[in-house]
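Undergrad: Sharing a structure below in structure tokens format, with a few things to ask.
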């Protein structure tokens, strides 16, 4: 005669826990068959997901800063002259400082 505790069905023994849930066995080999390549850097930054008011305003600002070739050339010339004057002033200040140190 079987008691309630001893007579249990075998359904618990049949459904065992799964031991392996994940493996990356062949994946590195497959990835290296074609070679792992560097991603291409975008030439322009993507505006996707940015604040659309900011993007629109930036476009207007860029358009407003455009100038003709003559204006750009004149600005470059003025910049070169200003740089030359700054270097001359720097050299003069250095000479003045050296004279003060000698005295």
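Cβ coordinates come from backbone N, Cα and C, glycine included.
Heads up, here are the entries from TrEMBL:
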COMPBIAS  30-44  compositional bias 'Basic residues'
COMPBIAS  66-103  compositional bias 'Basic and acidic residues'
REGION    18-50  region 'Disordered'
REGION    63-103  region 'Disordered'
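Describe each of these features in terms of where it is and what it packs against.
TA: Per DSSP, the compositional bias 'Basic residues' (30-44) is made up of 4 helix, 0 strand, 11 coil.
Taking DSSP states H, G and I as helix and E and B as strand, the compositional bias 'Basic and acidic residues' (66-103) has 34 helix, 0 strand, 4 coil.
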